[in-house]
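Lifted from Swiss-Prot, the feature list:
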MOD_RES   S65  phosphoserine
MOD_RES   S115  phosphoserine
MOD_RES   S133  phosphoserine
REGION    137-317  region 'Disordered'
COMPBIAS  140-164  compositional bias 'Acidic residues'
COMPBIAS  214-297  compositional bias 'Acidic residues'
COMPBIAS  307-317  compositional bias 'Low complexity'
COMPBIAS  399-408  compositional bias 'Basic and acidic residues'
REGION    399-458  region 'Disordered'
DOMAIN    482-607  domain 'DBINO'
MOD_RES   S616  phosphoserine
DOMAIN    724-896  domain 'Helicase ATP-binding'
MOTIF     847-850  motif 'DEAQ box'
DOMAIN    1309-1473  domain 'Helicase C-terminal'
REGION    1462-1495  region 'Disordered'
Amino acid sequence: MSLAVLLNKEDKDISDFSKTTAGKSAKKNSRERVADVAPTRVLDKKQAYLSQLNSEFNRIKKRDSIEQLYQDWKFINLQEFELISEWNQQSKDWQFDNTNDSQDLHFKKLYRDMSMINKEWAEYQSFKNANLSDIINEKDADEDEEDDEDELEDGEEDMEEDEASTGRHTNGKSMRGNGIQKSRKKDAAAAAAVGKAIKDDQTHADTVVTVNGDENEDGNNDEDNDNDNENNNDNDNDNDNDNDNDNENENDNDNDNDDEEENGEEDEEEEEIEDLDEEDFAAFEEQDDNDDEDFNPDVEKRRKRSSSSSSSTKLSMNSLSLITSKKINKNITINSDRPKIVRELIKMCNKNKHQKIKKRRFTNCIVTDYNPIDSKLNIKITLKQYHVKRLKKLINDAKREREREEALKNNVGLDGNDLDNDEDGSESHKRRKLNNNTANGADDANKRKFNTRHGLPTYGMKMNAKEARAIQRHYDNTYTTIWKDMARKDSTKMSRLVQQIQSIRSTNFRKTSSLCAREAKKWQSKNFKQIKDFQTRARRGIREMSNFWKKNEREERDLKKKIEKEAMEQAKKEEEEKESKRQAKKLNFLLTQTELYSHFIGRKIKTNELEGNNVSNNDSESQKNIDISALAPNKNDFHAIDFDNENDEQLRLRAAENASNALAETRAKAKQFDDHANAHGEEEEEDELNFQNPTSLGEITIEQPKILACTLKEYQLKGLNWLANLYDQGINGILADEMGLGKTVQSISVLAHLAENHNIWGPFLVVTPASTLHNWVNEISKFLPQFKILPYWGNANDRKVLRKFWDRKNLRYSKNAPFHVMVTSYQMVVTDANYLQKMKWQYMILDEAQAIKSSQSSRWKNLLSFHCRNRLLLTGTPIQNSMQELWALLHFIMPSLFDSHDEFNEWFSKDIESHAEANTKLNQQQLRRLHMILKPFMLRRVKKNVQSELGDKIEIDVLCDLTQRQAKLYQVLKSQISTNYDAIENAATNDSTSNSASNSGSDQNLINAVMQFRKVCNHPDLFERADVDSPFSFTTFGKTTSMLTASVANNNSSVISNSNMNLSSMSSNNISNGKFTDLIYSSRNPIKYSLPRLIYEDLILPNYNNDVDIANKLKNVKFNIFNPSINYELCLFLSKLTGEPSLNEFFRVSNTPLLKRVIERTNGPKNTDSLSFKTITQELLEVTRNAPSEGVMASLLNVKKHAYEREYLNCIQRGYHPNVSAPPVTIEVLGSSHVTNSINNELFDPLISQALSDIPAITQYNMHVKKGIPVEDFPKTGLFPEPLNKNFSSNISTPSMDRFITESAKLRKLDELLVKLKSEGHRVLIYFQMTKMMDLMEEYLTYRQYNHIRLDGSSKLEDRRDLVHDWQTNPEIFVFLLSTRAGGLGINLTAADTVIFYDSDWNPTIDSQAMDRAHRLGQTRQVTVYRLLVRGTIEERMRDRAKQKEQVQQVVMEGKTQEKNIKTIEVGENDSEVTREGSKSISQDGIKEAASALA
């Protein structure tokens, strides 16, 4: 670049630079090569220099062409490989004939090409290995030559010391002045790795490219300028491909900006390049590039350079080799002396350090065309000014050398100086002068001839070795810079272009291969069409034949299977028919066995006659010919009987034998129990009736026992005969009379019969529910006073004492035994089962036997294990939910006959329950056989058949609609429930979930959900009650008398001080004498405000400073029309009109408050004028007017007033409820106690307080009796009505009871119903399922002031007895609240004639028993039953299920299929009633009475 500065005449602003800088830089680069040129060999050295430069460019061109060939070979090889692979992939399905020899013809050419390619690759490898050895030898020679040059340079170091010292001084100032050199040296050190790769390529060259330059420029300028490029190369080596693209884009942008700055210079240089002759390039000699290590694979592996840097360098070198043939260099003639040239060099170095021109002006390269066929790449390269001038110089030097040689050969005779002058003259028009002095000494310089010892041209100036090396180093750096610029800018573009070309070529190859494949397939389809058609037809024929035979085999197999299946079905059907016949015979055998036994027992005890039913002849046709008493008892094993071979007659005989055997076993068991008892008891007389032999009893009629203290009715006496016959036969039974027919007295009468007629006084065991224990004890004591009763209940210690009365030695008790009958509960039986099982009981009675309806319960199992001669079950509802409960009772009394529940279920349960649920057709024959089996063991009479004086009860279902709050709660529950609502309703209708003890977790969750819905139907307050609302009271409350009394006694001054009283003024004497004043207002505000006296006197107190007194005087005196001094005529007229003698009275009244005027008028003096006469009525009214507001007299005289206040004023409710309340702030005026007392006592005015409050009763008594004050003289009190006083005197708001009633549909209807029933004189039983609902009902009854009592499960046994007694004897009690489970069993509540079910039980029989507490013997009035239901809720589903259960009971017990008579009344939102009749007509009077009650 220094040569370009010398040639550039326009650069005249270069600053001075130190001359010693070159010396300092020379020491750092002392190992640079310098050519020793002799003065006598100037032309030879120039020629050598030009030849060396030409060889450099030729070597670069050759390297690029080899690289291009190598890349083309690799690309073609890869494409051929991909083409072959794709072709093979597409030709996999080609089929060839194995016998044809031409099957591999299409592969032979391909194999031949592949072998040729492999051979070429081997030759190329050998060529590369040979070149590698030559490169190594050349490197060794270059190193020897460098050693020689170093020795030459050491000799010249002494000559350069002076210049070096001067350069250091100047350089030091420059560095301290600018502060740039240190940073550039650091950047140069960081770029050493990249510069090393470029210097390696320079060492491979034969000679140095440049001969001019400056050492200082190399050390400072070149290093500084190369830092950016080298740093970018380092970044390219360290970063990924993504970062490479970013760096390339940044470099391209920088280069583009540099190109824009020198567009004008490039245009001029390109015009000069186009004028050059192409003949000038013939002088360059071509040499082989033996040092090409870049294309050797082995050497390339050892080099760890960046791929982007190496590819960019190669591409730039290729581009430069193509452009060297187009550049022309000019011959350089120096006309100035050595100091001027040195100054120009210093200016050149300082110019590069300037900030504005610090950047290099890089070369621009553009690819214009690429021909892949000829492997020709056309590149347009635009060089900057410096590069163009350098090439011009080189080309001109070569041209001059060529002309000089031609002149020498032709003997022109021109010497070297003339030639130089000609050359200088020819090129003088193209050169620019460095300064004004160059033109003056131009001719002298051309005439001088210089000879140098080192062989380098000095161009007419004296140049030492150091300056020559600097110029050489400059051209070396310029050469490196050119390659860096081209590598950085153009390599990426060329790489992208090559990749694009390769992708296009790959696409074309792929398309070509696909086209070849298609063409090959066409050829194949033409040649092999007949073969393919033949194969297709053969395959189709084979497939059709295979399908035909497969179809044929499948049809034969299906036909065979069908025949086998029909045969199996026929055999199965025959087996099923045979099995059904066998099962029918088994069922008939079992039924016949049971019927024979039942028929025999029925004839003995005559159950049909006792029930009042006529027996048809058809019922006993099958039993007339067989007498089981005459047959020999023989037990036939049921499983050993051959039901297939034996006929019906033989099976009947076997069944009769089994029935006879069962009868014999029953008798033997009873005889064994009696014999064992007789062995330990008293011996009986021989002539006494032997009751142990029932066959000798015959038909006898038992009379009522004499020890029974009552008279049995006819049907009860028949029941006694039936029970006695059962005992005689040793058979257990079920007394299932309808509730209220006296099952208790019948069971007591049979005990009296055994004691009186058979001298069996026990031990007898009676097990009852806990609620009927006292009733049984009372009944036995009442009807059998001679019996000793042992009530067995209480705690563990009490029961332990009671067990001492047991006599375990004697199995039969006498009259003098410790006890005769022990009464206990089911709970005690389970608790003390171990003790009770040790006793042998003569007779065990189970009251309310539905308690053992479950065969899985501990009650059933424990009671079944007791040792008893006979068992008697008392129940009004033997079937509550299903037929399984009936089987449990039957198995309990006859385990030998009813031993299998599955058989019983097969006989009756399925048919009857399905009939009740699905209303299917009932098998009447099967129902008749069931009744025949049950009759000997169960006696049931209905009230209407045996008790004519007891009328039918009227049942009415009252349907209500949900209120708004209930409907919202119901919908919220339905939306929040996780289970389907239909499943919940089904669970509500499932009876097993409510009674079974072993419910699953899911069923229990369903039941809980059902209970939530039932709570909504009953009352929404079951979820959340409305609380009492009270504001925060910012108040100091007054202390009551009791608190003050305790405070005085304890000398607690804090309480008294809070009450604004002095302890000294109080004494126990005053407290005990009651000298306290009753105050209706005692609360005070905790805040006390002290009003300044100045403000009071100036603003409030009337004075001359304000108009307070004037305004009051004007308003009350001057503007008052009743002032006599102003309006005398009006006052006189009013005085005459009213008879008031004083004219000032009107003025006084007008200034008196209204309340005080009313009080004064009522308390005014009586008129004692003798002329006024009053009647007795008027005097009584006068007394009435002044009567006190409390007491009996006030209540009697003010009935109308109290009714008005209760009905109307009570409805007034507070509309606003404040959150905070406080009395007025206490105001005190400092220094004025009068004002403070008047303000504080404003609410305690005696006249107002007395008028608003009531005089206590004790005070009235003392005033009238002790002090003798007449009643008419009492002050008027109670002017403020009590309801308003209750509602407005306090901010505490309680929940409204009216709203409490109206928010529940059931309670609202019940409220209307109770009003009617109360007015008509009825007494009501109300049954509940929830005790919490009973609590709410008690609040309602207290609000309505209905007299009521309550009995639930928490009531004690002694309390239950007293409650029942009070209900039966006290007619003032209007309502009896009972829980269905606790109050629905075993108690007599005939004092009530109305039963209301607020919510129904799961089991309809529980409700039936609860109804019969009132509808039983002793009831003389019509009984009406109301059932409250909510329409469209879960209660309707429960009611439907209850009706199905009731139908099952009717079918089994009565044989009826008609629905029960129930009247339904639907109450809508507007309280309109719609009556729906039942299936059977009932008493019209009862319906009218019930309807009138609901009206």
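Yeah, the Cβs are placed from backbone N, Cα and C, and that goes for glycine too.
Secondary structure counts, DSSP: the motif 'DEAQ box' (847-850) has 2 helix, 1 strand, 1 coil. Cα spacing between S65 (phosphoserine) and S133 (phosphoserine): 21 Å, rounded to the nearest whole number.
Cα to Cα, S133 (phosphoserine) and S115 (phosphoserine) are separated by 28 Å. Helix, strand and coil counts under DSSP for the compositional bias 'Basic and acidic residues' (399-408) come to 10 helix, 0 strand, 0 coil. Residue density at S115 (phosphoserine): 10 other Cβ atoms are found within 10 A of its Cβ, drawing on all protein chains shown.
When averaged over the domain 'Helicase ATP-binding' (724-896), pLDDT in the model lands at 84. Comparing the modified residues S65, S133 on other C-beta atoms within 10 angstroms of each C-beta gives the minimum for S133.
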